[in-house]
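Swiss-Prot has this to say about the protein:
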type	residues	note
BINDING	Cys573, Cys582	[4Fe-4S] cluster binding site
BINDING	His675	chlorophyll a' binding site
BINDING	Met683, Tyr691	chlorophyll a binding site
BINDING	Trp692	phylloquinone binding site
TRANSMEM	70-93	transmembrane segment
TRANSMEM	156-179	transmembrane segment
TRANSMEM	195-219	transmembrane segment
TRANSMEM	291-309	transmembrane segment
TRANSMEM	346-369	transmembrane segment
TRANSMEM	385-411	transmembrane segment
TRANSMEM	433-455	transmembrane segment
TRANSMEM	531-549	transmembrane segment
TRANSMEM	589-610	transmembrane segment
TRANSMEM	664-686	transmembrane segment
TRANSMEM	724-744	transmembrane segment
Amino acid sequence: MIIRSPEPEVKILVDRDPIKTSFEEWARPGHFSRTIAKGPDTTTWIWNLHADAHDFDSHTSDLEEISRKVFSAHFGQLSIIFLWLSGMYFHGARFSNYEAWLSDPTHIGPSAQVVWPIVGQEILNGDVGGGFRGIQITSGFFQLWRASGITSELQLYCTAIGALVFAALMLFAGWFHYHKAAPKLAWFQDVESMLNHHLAGLLGLGSLSWAGHQVHVSLPINQFLNAGVDPKEIPLPHEFILNRDLLAQLYPSFAEGATPFFTLNWSKYSEFLTFRGGLDPVTGGLWLTDIAHHHLAIAILFLVAGHMYRTNWGIGHGIKDILEAHKGPFTGQGHKGLYEILTTSWHAQLSLNLAMLGSLTIVVAHHMYAMPPYPYLATDYGTQLSLFTHHMWIGGFLIVGAAAHAAIFMVRDYDPTTRYNDLLDRVLRHRDAIISHLNWVCIFLGFHSFGLYIHNDTMSALGRPQDMFSDTAIQLQPVFAQWIQNTHALAPRATAPGATASTSLTWGGDDLVAVGGKVALLPIPLGTADFLVHHIHAFTIHVTVLILLKGVLFARSSRLIPDKANLGFRFPCDGPGRGGTCQVSAWDHVFLGLFWMYNAISVVIFHFSWKMQSDVWGTISDQGVVTHITGGNFAQSSITINGWLRDFLWAQASQVIQSYGSSLSAYGLFFLGAHFVWAFSLMFLFSGRGYWQELIESIVWAHNKLKVAPATQPRALSIIQGRAVGVTHYLLGGIATTWAFFLARIIAVG
């Protein structure tokens, strides 16, 4: 029997009025740094101001003060999110054709922006159907609003106003919790309490209230909409909530109230809490009754999880105990000391959260098309492509951010004197083995995946199709992926006997869902072409990981620069007199990792865009014949590099290149402008600091001659600043180019 010491009572931990609110201080640029607050001597000042404004570590070394600043900043972030959401809902209320779309979502496109007619700009307002002229939007908000049961633009207005109120509330909270009642450090470090509140409150009660909204508001309203009832005739949300008889007409078991729940006769509720699988043939989205059931189940899980950790009462898990008990026969001290790292280094904490959130965002990207959650989402090809692309980019950036903050943790917060033989120390001690093996994997994947394509290009060029790797010659079938697909396709009759269809139509079988003559989803065939491009995915992902992981593991020291930790997170080179030590800082690894992340995600979204147009999206005739947008050319065309260039990039760019004079012309201009932004980045990436400093001094001389020289001395960008500006424009230009290319294409043909 273990006798524990009595648990200390947890007190409310805040400091009252710790920092006075001062607008004078606020208006003084760089008030957080003695050097920057002096004002500008050279133009470098403005760059340092931006670089350090949010680097709270550089303002103070007091962890409590840093924690308070981060906490307060989070409220500011939430305020901006509410403001953005309010703007989206306001556009839906004021400038959109939402009510018209709701009455006929298969023939009318969503639009929530009308361009003012200045010198011919009204050309941008295309006809989206139903006599409405505007810009077709691809954010998926209309589908989301329909799923939540919004039936009028007035409801959107009210929600927009509500979001503004919340934005103001968040701004107030950010000020209040920094200036009036700021939490003490112990409050930020009380992980069990935080877990309980986030799990039970945010995720548990959040999911439960959403499930409640779906059952009492969304389901009945959507049932009416699916039956073709005019939105104006449907009772309002509060009528369903207040009047049980209304719901009982649609779902008879509602008449029994909570009796079946307390008598454990839960199957009574299976009218509106279903387990069907597959898609609703009317809307092409997941069954909303399945979604409500899912949120109820998730809520139960998180409500239970939110009661697992030990706080004021002496029962439940302690995170420190769990981590310290977590050691195996080959892992030394295991996770001993990890608790201290995660409660004193917010960079370490943020790194883990970014890695998990980034991975989750990419999982969301895939689920949005494989299991389209909202009504009429699957047949809105522009929105499907946009949602996939958006979530892939966001996921990529978050994962690079995880590596960035892991490296900052290593440089600023890691204390090697207190860490011995725990898992992190063991990883650091055999980092050479890890990185060299990972490097070997990258070389193997790169040569072999690219080599398969080069072989195909060569055979194709020489007129020897029978010697190519393809579904019709030398087959390289993705047998493991096909096996997984098949297993899931058979699951409803075997491992999931309660389900009537598999989780996603993409797995296989002979189901096809079409809405209004357009394919929503069908089984996605995988073949040699997918096998080839998946190995390119493996290659680009592994190289990205190699660069980022090397940056983290060698952030403090390396054979080349043993004292790297003293140089900080970002530095250009190891001082003058030591050649060959440039681009070794942890920051530089993040910089280089961003380019490979861009490579990796680009291949993924290109693959997705072409695959869906070739093998999934299209129209279906009355006889049941499916005609795909690009006629199934992916399997034979994408197996050569030339095929990617000719049949994807060039063939599908015709819409954006020929968009002038049409409502898509803005995409043509963006395509051009984004190429320019991308090319502009090369000026920063391919030139050194000295070149620009020389040029600047010549220009300053001319200004002096004319007596118009500024008081602030102009300076060339530092090496790091130049790289930062370069990578920013590279990514912005590349992503915006892809965006214009994708949207002009899919809006024209989809």
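Yeah, the Cβs are placed from backbone N, Cα and C, and that goes for glycine too.
Structure coloured by features recorded in Swiss-Prot.
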| residue | record | DSSP class |
| --- | --- | --- |
| Cys573 | [4Fe-4S] cluster binding site | coil |
| Cys582 | [4Fe-4S] cluster binding site | coil |
| His675 | chlorophyll a' binding site | helix |
| Met683 | chlorophyll a binding site | helix |
| Tyr691 | chlorophyll a binding site | helix |
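Highest Cβ contact count with the transmembrane segment (433-455) among the listed stretches 291-309, 346-369, 385-411, 531-549, 589-610 falls to 531-549 (criterion: pairs under 8 Å). Between the candidate binding-site residues, Cys573, Met683, the densest Cβ environment within 10 Å is the one around Cys573.
Here the transmembrane segment (589-610) does not lie next to the transmembrane segment (70-93) in space: the count of CB pairs under 8 Å, restricted to residues six or more apart, is fewer than 3.
For Trp692 (phylloquinone binding site), applying a Cβ distance below 8 Å and a minimum sequence separation of six or more within one chain yields Ala716, Leu717. By number of Cβ pairs under 8 Å, the transmembrane segment (531-549) is matched best by 385-411 from the list 70-93, 346-369, 385-411, 724-744.
Tertiary neighbourhood of the transmembrane segment (724-744): same-chain residues 138, 382, 385-386, 389, 393, 591, 594-595, 598, 602, 605, 609, 652-653, 655-656, 659, 664, 667-668, 670-671, 673-685, 717, selected by CB-CB distance under 8 Å and a gap of 6+ residues from either end. Residues of the same chain lying 6 or more positions beyond the ends of the transmembrane segment (385-411) and with a Cβ under 8 Å from any Cβ of it are 138-140, 341, 345, 347-348, 350-355, 357-362, 364-366, 368-369, 544, 548-549, 551-552, 555-556, 565, 568-569, 586-587, 589-590, 593-594, 597-598, 600-601, 604-605, 608-609, 612, 735, 738-739, 742-743, 746, 750. When the alpha carbons of Cys582 ([4Fe-4S] cluster binding site) and Met683 (chlorophyll a binding site) are compared, the span between them is 19 angstrom. For Cys573 ([4Fe-4S] cluster binding site), the nearest neighbour among the binding-site residues His675, Met683, Tyr691, judged by Cα separation, is Tyr691. Counting other Cβ atoms within 10 Å of each Cβ, the lowest count among the binding-site residues Cys582, His675, Tyr691 belongs to Tyr691.
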